[in-house]
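Feature annotations, reproduced from Swiss-Prot:
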BINDING   Ile181, Gly183, Met399, Asn401  Na(+) binding site
BINDING   Asn186, Gly187, Arg402, Gly404, Ser405, Arg428  citrate binding site
INTRAMEM  182-189  intramembrane segment
INTRAMEM  399-406  intramembrane segment
TOPO_DOM  1-27  topological domain 'Cytoplasmic'
TOPO_DOM  45-50  topological domain 'Periplasmic'
TOPO_DOM  72-80  topological domain 'Cytoplasmic'
TOPO_DOM  96-115  topological domain 'Periplasmic'
TOPO_DOM  131-136  topological domain 'Cytoplasmic'
TOPO_DOM  167-181  topological domain 'Periplasmic'
TOPO_DOM  190-212  topological domain 'Periplasmic'
TOPO_DOM  234-264  topological domain 'Cytoplasmic'
TOPO_DOM  288-299  topological domain 'Periplasmic'
TOPO_DOM  316-327  topological domain 'Cytoplasmic'
TOPO_DOM  352-359  topological domain 'Periplasmic'
TOPO_DOM  382-398  topological domain 'Cytoplasmic'
TOPO_DOM  407-416  topological domain 'Cytoplasmic'
TOPO_DOM  439-446  topological domain 'Periplasmic'
TRANSMEM  28-44  transmembrane segment
TRANSMEM  51-71  transmembrane segment
TRANSMEM  81-95  transmembrane segment
TRANSMEM  116-130  transmembrane segment
TRANSMEM  137-166  transmembrane segment
TRANSMEM  213-233  transmembrane segment
TRANSMEM  265-287  transmembrane segment
TRANSMEM  300-315  transmembrane segment
TRANSMEM  328-351  transmembrane segment
TRANSMEM  360-381  transmembrane segment
TRANSMEM  417-438  transmembrane segment
Amino acid sequence: MTNMSQPPATEKKGVSDLLGFKIFGMPLPLYAFALITLLLSHFYNALPTDIVGGFAIMFIIGAIFGEIGKRLPIFNKYIGGAPVMIFLVAAYFVYAGIFTQKEIDAISNVMDKSNFLNLFIAVLITGAILSVNRRLLLKSLLGYIPTILMGIVGASIFGIAIGLVFGIPVDRIMMLYVLPIMGGGNGAGAVPLSEIYHSVTGRSREEYYSTAIAILTIANIFAIVFAAVLDIIGKKHTWLSGEGELVRKASFKVEEDEKTGQITHRETAVGLVLSTTCFLLAYVVAKKILPSIGGVAIHYFAWMVLIVAALNASGLCSPEIKAGAKRLSDFFSKQLLWVLMVGVGVCYTDLQEIINAITFANVVIAAIIVIGAVLGAAIGGWLMGFFPIESAITAGLCMANRGGSGDLEVLSACNRMNLISYAQISSRLGGGIVLVIASIVFGMMI
């Protein structure tokens with residue numbers, strides 16, 4: 001005789017599937033425990049504003065919206081998926097007043113006071129460069145600056161062309177659109193550009209900065225979207241893409257890498273030691289030893305790329321240590337990226353700024369300039385022996401975004417976080433090149 005009180009098998013399966021559903025690797029009941037804890041903290045306004053409280057809220061918020069972003073149709077394919085969803089939601093939570101001041105302070109302390117972003121980028125640069133074949137690395141660095149220059153040329157040509165369509169003079173297009181977009185972001189681009197503008201022309205730096213940052217904000221959005229599109233193009237036309245590898249190895253003969261022995265936690269820890277030590281040396285060089293070259297300040301991340309590259313070329317690092325640094329880099333890029341994106345949304349994204357900048361002319365001009373940067377870098381990269389997709393992303397889009405945080409947004413949108421070292425060359429050394437160009441262009445306006 002059938003027991004009528006027994007629930008159907010399909011109902012049991014549904015409950016089992018729900019309980020087995022995982023958010024950031026956690027079963028739903030376990031994540032629910034974390035979320036309820038965060039909500040209690042929110043409603044009682046009781047959150048430690050140190051790194052513990054900051055990481056708690058960043059992990060819990062990043063996990064749920066990361067899962068939504070990677071599953072949302074269209075958004076996950078064309079807009080950038082989980083990382084973009086996370087930083088947009090986090091920015092909205094600040095804009096709408098959903099986050100309390102304590103929550104904002106906790107996240108800001110992680111991002112700004114503890115400078116988690118610097119640690120994240122330093123680890124990724126070290127792992128990315130040490131994992132590259134030494135001769136291949138030398139070739140890529142030598143050919144990369146010309147590729148950046150081609151990206152700037154492409155952006156300038158397309159920018160001038162669309163400017164003429166809208167009746168905007170060439171000098172104004174270069175000054176207010178092309179240079180801010182290609183200038184390496186906010187702190188390393190828009191801010192020093194406004195200072196150069198003021199010192200050369202005598203005009204208001206505030207007026208220039210407010211326009212430049214608005215255009216840069218729009219361009220950053222297009223850079224993220226185009227990164228996702230380039231990833232799709234690369235998958236459909238595989239000859240255009242190295243799937244995360246910049247150099248076309250077929251065009252360059254390299255020796256085999258040394259075989260790697262067993263990797264322990266100690267080699268991974270050494271990877272962290274090297275990341276922080278190379279960052280420290282780069283910081284000392286940038287701030288005290290060589291604060292500028294030819295009047296142009298070189299950012300410490302640009303120095304770090306060169307220092308880690310020299311360390312790789314020196315042969316001091318065993319294959320096991322290199323593999324340990326790569327393992328640490330993979331952990332940061334795969335397990336902590338969603339956490340970081342909450343901080344990017346809270347600390348480095350101003351939705352009001354984006355809203356204010358959205359006019360038809362600004363949107364069209366910014367989009368065309370970014371397309372020019374992509375095409376110029378792709379062509380230049382191909383001529384230098386690089387894959388067009390990877391060179392377009394690093395030397396094109398990572399020049400046209402908003403610097404360090406923009407690099408992470410762009411690379412995460414196209415699943416190429418291992419290219420962070422080249423992205424940093426674009427944002428830092430490339431940004432320095434743009435500052436030199438700006439001083440010449442602004443001088444011609446007088």
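Indices start at 1 and increase along the chain as displayed.
Backbone N, Cα and C define each Cβ position, glycine as well.
Features recorded in Swiss-Prot, as mapped to the structure shown.
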| residue | record | DSSP (3 states) |
| --- | --- | --- |
| Ile181 | Na(+) binding site | helix |
| Met399 | Na(+) binding site | helix |
| Gly404 | citrate binding site | helix |
| Arg428 | citrate binding site | helix |
Residues flanking the Na(+) site, with Cβ no more than 8 Å from the Cβ centroid of Ile181, Gly183, Met399, Asn401 and excluding those residues themselves: Pro180, Met182, Gly184, Gly185, Gly189, Leu216, Ala219, Ala223, Ala373, Cys398, Ala400, Arg402, Gly406, Ser427, Gly431, Val434
Most Cβ pairs under 8 Å with the transmembrane segment (300-315), selected from 28-44, 51-71, 328-351, 417-438: 417-438
Binding-site residues compared (Arg402, Arg428) - the one with the fewest other Cβ atoms within 10 Å: Arg428
Local confidence of the topological domain 'Periplasmic' (190-212) - pLDDT mean: 74
Lowest local Cβ density among Ile181, Met399, which the record lists as binding-site residues, within 10 Å: Ile181
Annotated stretches the transmembrane segment (328-351) and the transmembrane segment (265-287) touching (3 or more Cβ pairs under 8 Å): yes
Helix, strand and coil counts within the topological domain 'Periplasmic' (190-212) (DSSP): 20 helix, 0 strand, 3 coil
